[in-house]
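Visitor: Under the heading active site, proton donor, Swiss-Prot lists 273. What Swiss-Prot lists as prenylated FMN binding site is 160, 161, 162, 163, 164, 165, 181, 182, and the listing cites sequence analysis. Marked as Mn(2+) binding site by Swiss-Prot on the basis of sequence analysis: 160, 182, 224.
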């Protein structure tokens, strides 16, 4: 099922009991951040939150934890809310194979209802607050930022839709952090080499299929809009920006048009990041906002970031697993079974594979490290046998504890690249990486003494169903 806009998805969540509307007055700080943290603490079935009465703001509405649970993630895919995680993974992989899905272009969009072209003041337009108490200011952290390759502007796939943290630096200024591993950093370098500003458009309050696509580690020339269409099973709707040639999500609640100022930098940060730590302040580029559009009575969406798990981990979980899975299958089409890279955006990945010969699992681990996402993330790759479910951590721990020999099966590779936000990197952006081979040795490897593994009694599956039926009576 394709949701036409953010509001339609919220309505679907409400119908399924996965949206909690709060009408009592709340304070922007600390209530909004605390409520999102509390929702995450409730477990992997927690609801989205919609606040309609925020102290200090008139008619402001804020949504949080929108896809911060597996039921909500399943509904984003148009699946029943009780769909198991592994089934969501394989369904996402199936839809990934439908990429690219052509887009549907529209002439106008709901956010054109209101247009601000002068005296722009983001402090008046947006209900701003700090997510975590140590943040260095107000941030937009779940907005889709659109930019385009300047060397190949007609290549639709090289238009990027990404999610980057942006600090409100003034009434019409934002600081942005374009880390080197992200496409927008390439676009900014192209602009600054030419001595020109980089046009950008920022969309807030989008339906979750595009925020999911925007946080998926696609190849440089793969379109997030065409991926969003593949995920939802029908063309994704876009509309042209008025100040540039950029395409914008049709269903956005608020849209900001502007440009990154060439050569200009300001101190940005600190900010509580997806790693569960604050990242320190750095000198970062500045966006000048020139025009603002918004729907009547817009809904502002925010993303809580903190110690995992939070909504961020659901948003960048399965959509990180699937590209790694597909890229590994390109190299080993008959062996790769599944990939779990849901933890901290794939800084650790677990790969289930068949083994063709001795040492094969280590080769799989090497390939994972050199995928586009692996280059900037994947610090540790755990490789397990085909009969070990990488989404079942007790099984993975069993494989590590019984199959891995620390002397022979731990491979450490020094001084590889990682995103600078990794708090363990030293210097920032450089780290050692490790492959842990937790597969059963096959010839010509002869170490260990592995007898036939235990299996389940013959009627176990039938008894599982019988017990579930009895529990549900």
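Start at 1 and count along the chain as shown; that gives each residue its number.
Cβ coordinates are placed from backbone N, Cα and C, and glycine is handled just like the others.
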Visitor: Going along the chain, which residues six or more apart from residue 182 (prenylated FMN binding site) have their CB under 8 A from its CB?
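Guide: Same-chain residues close to residue 182 (prenylated FMN binding site) (Cβ under 8 Å, separated by 6 or more) are 160, 162, 164.
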Visitor: If you count, for each of the binding-site residues 160, 181, the other Cβ atoms lying within 10 Å of its Cβ, which residue has the minimum?
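Guide: Comparing Cβ neighbour counts within 10 Å for the binding-site residues 160, 181 gives 181.
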Visitor: Between the Cα atoms of residue 163 (prenylated FMN binding site) and residue 224 (Mn(2+) binding site), find the distance and write it as a whole number of Å.
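Guide: Cα-Cα, rounded: 11 Å.
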Visitor: Spatially, and counting Cα to Cα, which of the binding-site residues is closest to the residue listed as 'active site, proton donor'? Options: 161, 181, 224.
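Guide: It is 181, whose Cα lies nearest.
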Visitor: Note the Cβ centroid of 160, 182, 224, the recorded Mn(2+) site, then list each other residue of that chain whose Cβ lies within 8 Å of it, in sequence.
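Guide: Going along the sequence, the neighbours come out as 145, 147, 161, 162, 183, 184, 214, 218.
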Visitor: Looking at the binding-site residues 161, 165, 181, which ones sit with their CA no more than 10 Å from the CA of residue 224 (Mn(2+) binding site)?
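Guide: Final answer, ordered: 161.
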Visitor: Looking only at DSSP and grouping its letters into three states, which state does residue 164 (prenylated FMN binding site) belong to?
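Guide: Looking at the DSSP assignment, residue 164 (prenylated FMN binding site) belongs to neither helix nor strand, so coil.
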Visitor: Reduce the DSSP letter at residue 181 (prenylated FMN binding site) to three states and note it down.
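Guide: Where residue 181 (prenylated FMN binding site) sits, the three-state DSSP reduction gives coil.
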Visitor: With a 10 Å radius around each C-beta, find which of these binding-site residues (161, 163) has the fewest other C-beta atoms nearby.
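Guide: Each of the binding-site residues 161, 163 was scored by Cβ atoms within 10 Å; lowest is 163.
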Visitor: Here are some recorded positions: 224, 273. Which one has the most Cβ atoms within 10 Å of its Cβ?
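Guide: Selected residue: 224.
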Visitor: Go through 162, 165, the listed binding-site residues, and name the one with the sparsest Cβ surroundings, counting other Cβ atoms within 10 Å.
Guide: 162
